[in-house]
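S.K.: Following this message is one structure expressed as structure tokens.
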Amino acid sequence: MAFQEILESLGGMGRYQVIHVVLLSLPVFMLASHNLMQNFTAATPSHHCRINGTYEETNFTGPWLRALLPMTPTGEFSKCLRYTTPQYELLENNLTQSYDDLETEPCLDGWVYDHSEFASTIITQWDLVCNHRRMRQVAQSIYMAGVLVGSILFGGLSDKFGRRPLNIWSNLQMFVTGICAAFSPNYIWYCIFRFLTGVAFSGIVLNSYSLTVEWIPTGNRAFTSTATGYCYTMGQLVLVGLAFIIRDWQWLQLAASIPFFFYFLYSWWIPESGRWLVLSGKPEVACKALKKVAQINGKKEAGEKLTVEILKSSMQREINASHNSTYSALDLVRTPVVRRISFCISCTWFSTSFAYYGLALDLQSFGVSIYIIQIIFGTVDIPAKFISYFITTYVGRRVSQAITLILAGIAILVNISVPQDFQTVRTAMAVFGKGCLAASFNCLYLYTGELYPTVIRQTGMGLGAMMARLGGIIAPLAQMTGDIYHSLPLIIFGCLPILSGIAGCFLPETLGVPLPETIEEVESPDKQQKDVNVSAKIPLKETELYNMKTDV
């Protein structure tokens, strides 16, 4: 880790690193807003068919509605049908529900919405109800598809063109596409701009992540990565505050997008990764950047002693390794032990993200204030991640991973048997499940990095991230299965984490085990004799940088 030694000699975690981390962490607050924004911008208010005539359209409880709208088996007014002609005899007879043989028709004149909680949403803007209600979930899946495409696209581009230019571009793209989404003329254009916003989301996450960890000394990554991870958690609370103040979806979309213009402006000041510059054949530029870091950190004399020759000599081993790498994604399934790890870790990544977004993007189903439930869902991540840290450090990674997933699945399944009237119990179980899933995320980033050997570690992390994105794409679509059976979404969201938790039991434990360097060491762990009594904190330090991306 020669580059890390150079950073230590130039001030370690100095003034420059603090400013650097703060500037790269600020966008994370608003990234949470875009990820979970549809809880508010796509909220579905109470609605019913528009009735021609002089009736009070804004009155959703008036007795006159019984003469105009049929009632469902649950005793509620139909949201998608109306009588072809007013049935005033229903009022006179004081009946509780309509006759089955009365003629009805769909909402030919549109719908009337209750604007008491939401002034405007994409649902009310484009009438995404009744036969078009599935478009709500489709829009979120399209956004998550953009996140997946962005992770694939920017992952390769950042290695070729650098982290800094792509971070600048991603902030600009997030600003522009976010603004365009707010002024979309129709649903199709809205989905297109949301897809591009998702692409930009991944660009910011991946490149700001790399820029952060590649300028931070190894010994300080635990604190900085954890602090940055909590920025996303706090960002969920920022979203609640914005949504509570701004009840119009277009203005809320603007409020969450405009800050990225300021991030774009100051991102020009953030220098390129020094390590990437050296490995890309630009040691002169890297040396200049390091001298600037030394000056800001008050280590000007140490910076003046640094030369291009010293820099290249110190990093010669890393330079040679980057030029001689011959490993590919096929190595994730080529050998039996690594293949088993890849299968089990793919299941855990997919199910964690799948169930997490299945809960986090369906807040209206709990029957309580959407603002209160979002606050609770956001704050539960704080103790969940804290507890997860201690369990993974002192009990074990495998135990932590399996328990959190199984408990999350059980909590979700319990809600199937809890009546809708027991809102407090249902909410408590959902919050507990969401907290377990947040803890699972926290463990996964660490565990995955320790399971794979150094030569394919980043490839393995990429596989996990891809499976998580797939889970995020499918989660909104799985909610549509409620049309088949009302509890089917909960059954799916609950069973998959339990099955994945069981699959996680077949993964090897990595607590106190030195990080493997080669595939052979993973396949034959008995031959790995590198100080088997090493402290559990050593593998943690090597892979703690992954914690920064938790839940993002």
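From the backbone N, Cα and C atoms, a Cβ is placed for every residue, glycine too.
Note that this is a predicted model, so its numbers are computed, not measured.
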S.K.: Can you tell me if Swiss-Prot, going by its topological domain labels, places Ile122 on the same membrane side as Pro453?
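M.R.: Membrane side for Ile122 and Pro453, as annotated in Swiss-Prot: different.
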S.K.: Which one of these stretches, 138-158, 251-271, 337-356, has the most C-beta pairs shorter than 8 Å to the transmembrane segment (17-37)?
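M.R.: So the stretch in question is 251-271.
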S.K.: Below 8 angstroms Cβ to Cβ, which residues of this chain, lying six or more residues outside the topological domain 'Cytoplasmic' (448-459), approach it?
M.R.: 325, 327-329, 331-332, 338, 341, 345, 349, 397, 507-508, 510, 513, 515-519, 521-522, 539, 542-543, 546
S.K.: Is it the case that the transmembrane segment (251-271) and the transmembrane segment (165-184) have 3 or more CB pairs under 8 Å, with pairs at least 6 apart in sequence?
M.R.: yes
S.K.: Counting only pairs 6 or more apart in sequence, are there at least 3 Cβ pairs under 8 Å between the transmembrane segment (186-206) and the transmembrane segment (138-158)?
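M.R.: Answer yes, regions in contact.
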S.K.: At a threshold of under 8 Å on Cβ distances, which of 138-158, 226-246, 427-447, 488-508 pairs most often with the transmembrane segment (460-480)?
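M.R.: It is 138-158, which has the most Cβ pairs under 8 Å.
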S.K.: What mean pLDDT does the predicted model reach across the topological domain 'Cytoplasmic' (379-398)?
M.R.: 85
S.K.: Tally the residues of the topological domain 'Extracellular' (247-250) by DSSP class, grouping H, G and I as helix, E and B as strand, and everything else as coil.
M.R.: 2 helix, 1 strand, 1 coil
